[in-house]
Amino acid sequence: MTSIQEEVFKCALSGDLETLRQHFESETGTEESQENNFSVKDEVGRNALLTASVLGRSAAVRELVRHGAQVNEQTAGGYSSLHLASCWGHLETVRTLLKLGADLQAKTFRGERPVDLARKYSKTDCADCLMMAEVERDLVSYLTYVKDLISGSEKSLTKEEKVTPSLFCLQL
């Protein structure tokens with residue numbers, strides 16, 4: 001591990017956001033060198049993003065992803081940052097990772113999703129948040145499907161048939 005990579009890890013461990021930002025602002029390297037900063041793992045296989053997620057360092061997570069860390073990168077066992085934040089009960093970090101596009105359906109080598117780990121370790125706030133995120137994504141997907149279905153067959157629908165789904169959504 002180079003000194004720069006060690007510094008990124010130390011910032012993730014301590015939550016030292018200011019030093020982390022200074023590091024990224026001062027680094028004028030290529031995309032490849034930044035990618036190398038995030039691909040380096042410690043002795044147990046965690047990168048800086050996974051480490052920040054385990055410790056609930058939401059601001060560091062946001063900064064690392066903003067500068068190129070892969071939000072859905074998984075360990076050899078299939079654990080992602082969302083898995084780790086969920087099973088350790090870091091609700092704010094879970095929310096941050098979801099906003100950054102973390103995969104709700106990623107599975108570990110045991111077939112466990114982040115919501116499964118949150119339930120397993122009785123992190124009910126995280127489990128509730130993850131279930132709501134799943135429901136929200138499913139609803140958006142379904143509404144997009146219905147919208148595409150309606151717009152594709154607009155000529156064959158009556159005015160009432162076009163308005164009914166919108167009225168239903170307003171009642172929710």
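The backbone N, Cα and C atoms fix where each Cβ goes, glycine too.
Features reported for this protein in TrEMBL:
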REPEAT    44-76  repeat 'ANK'
REPEAT    77-109  repeat 'ANK'
Checklist entry - Reported in the order helix, strand, coil, what are the DSSP residue counts of the repeat 'ANK' (44-76)? => result 17 helix, 0 strand, 16 coil
Checklist entry - Which residue counts does DSSP yield for the repeat 'ANK' (77-109) in the helix, strand and coil classes, in that order? => result 16 helix, 0 strand, 17 coil
